Structures are given as C-alpha cells and as structure tokens.
Amino acid sequence: MKRQCMNRVALIGTGFVGASYAFALMNQGIADELVLIDVNKEKAEGDVMDLNHGKVFAPKPMNIWHGDYQDCQDADLVVICAGANQKPGETRLDLVDKNMNIFKTIVDSVMRSGFDGIFLVATNPVDILTYATWKFSGLPKERVIGSGTILDTARFRFLLSEYFQVAPTNVHAYIIGEHGDTELPVWSHAEIGSVPIEQILSQNDRYRKEDLENIFVNVRDAAYQVIEKKGATYYGIAMGLVRITRAILHNENAILTVSAYLDGQYNEQNVYIGVPAIINRNGIREVMELKLNETEQQQFHHSATVLKDILSRYFDDVK
C-alpha cells in the first residue's frame, strides 16, 4: 500500500551535494519520505536531526530518517551523491578510478535490498558513472538517469538572461554532451521567447557573437571557478536534482537535459550523455532528438567519443 500512496527517496551520500539536495527536497515538499544513507553514520544522523528541526517550516511534513541499504527496498527513487570530490585542478574525468569501485559497492548493495525503482546519479564524472550504474544494476536503461547537463543548461540560461536582460524562464537553450570539458551549446535551437538568438544577432548590433562565445566558456568553466573560490559546487546541482525528482515523482513528462542512454539517437550508440529527454514516473520516457547543424553534430560526436574511450577501459562491450 505504501508504494501506491507514498513517495520514498533514498539518498546515498550526505556530503555537500547530498545534504543540499535533502534540504532543497524538504523545502519544496516533493517527497513523503527521505532516508539518508552514508558511510559516515554520525554525519547522516546529524543531518537528519538538523533537517527535522526545520520541518515545522516546510510546506508539508516529510518523514526523514537515517537508514541503511535495506531501506532502498521500498524506495521509488535512489539518488546517488556519494563519491570522491573534484579538487582544484582536477577534471571530472580524473575522478573515474576513484569512484568506479565505490559505485560497484553502492549499486550492488542497493540491488540486494530488492530495489525496483529509478536511479538518479549525480556523482562525477556523471555520464560515466550513470552508465556504470546501469551496468551494475541490470535495470532497464530508462530507469537509470544522470544529472547530465541540467546544471550547465541552467547556467547557460541564466547568463543569457543577464546578457539579453530577460527572465531566465524566457530563455530556451540547451547545453548537451558530456557534463564536462567537451560539452557544447546548441546555438541552432537557442531562443529568447520564440525568437532565435541567431536572428536577434543579425538584427541588432548591440549583441555580438563574441559575447555569446564568452558566455559559453563561462558556462563550461563555471565549476572550476566555483571550486577555486569555495571548494565545491552544491547548491545549483542540488536544485537541478530536485527538479528531476519532481518530474519523476509527479509524473510531469518534463523535458530536462539529463544523462540518458543513446541507442541510435544523434547517431550515437551505447553511451550515457547529456541530451534533452522527457522525464516521468517511469524514468526517461524518450530522448528528444534535436536537429543539430554540422558543427554541433561533430562536437557532439567528439564528446560521445571521449566518454566511450573512457568507458571502454572498464566495460568490454563499449567500442
């Protein structure tokens, strides 16, 4: 009966990102139950106490407790934020060796509980580890989702909104590809309202292509800048994870840029990578295939190739 009327989220990893996600989830009143699981039990217990002390101010009551992997059995969604953090000077791909073994242990432990829900992966390198989660879990590909380029897309829309002086909600633009150094902007589908940005540039001398190129560079390198200043990024990605959570638990059929499995879309195979996808209670309903121009298609293929080159070191069927 609980599975029919209650939404349970199991959060694995209560570091900066995990704790921020738990806080944002409680504040938005999306889930009914939240169980925190961490190798550092004292930290998880402290977070539970802290969150529960603020529950009276939340929009709706949420049952929050510290648990273990067996609590994943009745979870609708398992969110993985555990793993080694990116340090100054490191790329996200530098974290692969550190986190692959951690993920094997985590996913095996979750599946032993009898879990039959959806995985949402946030740990970097997210595209690689989402693929690993799919392989380790044996779940259908649509029920394993990575945060992908949801934060990059949000950063992109924010900076474009600042440049064009419009609300971010009126900016429609995507960052796709690896959540990392090979990601790319889809300028051919970027719009302010319903007006293509390329059209705005051609009609108004106030806006310059060079400025837009700098905006993308700032999007791509934003994590490095934040890490250099404060040691880690966590608020933005936590909000993105909650947005994906809402789309899943509320069956929204929302289009979000997540790390999704490609099986021929964008002319790519056997890779998880950031693309727009329709998200609902069943996970990824379908991948939205944008018609890329030739340059974008080449950049996207390069991004997928970089990811597959790394995956091939760990999985024999990736070529």
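Backbone N, Cα and C define each Cβ position, glycine as well.
Listed in Swiss-Prot:
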type: ACT_SITE; residues: HIS179; note: active site, proton acceptor
type: BINDING; residues: VAL17, ASP38, LYS43, TYR69, GLY83, ALA84, THR105, ALA122, THR123, ASN124, SER147; note: NAD(+) binding site
type: BINDING; residues: GLN86, ARG92, ASN124, PRO125, VAL126, ASP127, ASP152, THR153, ALA154, ARG155, THR233; note: substrate binding site
type: BINDING; residues: ARG157, HIS172; note: beta-D-fructose 1,6-bisphosphate binding site
type: MOD_RES; residues: TYR224; note: phosphotyrosine
Entries of VAL17, GLY83, THR105, THR123, TYR224 which, being recorded positions, have CA atoms within 10 angstroms of ASP152 (substrate binding site): none
Extent of the NAD(+) binding site in Å [max Cα distance among VAL17, ASP38, LYS43, TYR69, GLY83, ALA84, THR105, ALA122, THR123, ASN124, SER147]: 24
Close binding-site residues near THR233 (substrate binding site), where close means Cα within 10 Å, chosen from VAL17, THR123, ARG157: VAL17
From recorded positions LYS43, HIS172, HIS179, the one whose Cα lies nearest TYR224 (phosphotyrosine): HIS179
All-chain count of other Cβ atoms within 10 Å of GLN86 (substrate binding site): 20
Distant-in-sequence Cβ neighbours of VAL17 (NAD(+) binding site), under 8 Å, six or more positions away: CYS81, ALA122, ALA232, THR233, TYR234, ILE237, ALA238, LEU241
DSSP three-state assignment (helix, strand or coil) for THR123 (NAD(+) binding site): coil
Other CB atoms, at most 10 A from the CB of HIS172 (beta-D-fructose 1,6-bisphosphate binding site): 16
Candidate binding-site residues THR105, ASN124, SER147, pick with smallest Cα gap to HIS172 (beta-D-fructose 1,6-bisphosphate binding site): SER147
Between ASN124 (substrate binding site) and GLY83 (NAD(+) binding site), the C-alpha gap once rounded to whole angstrom: 8
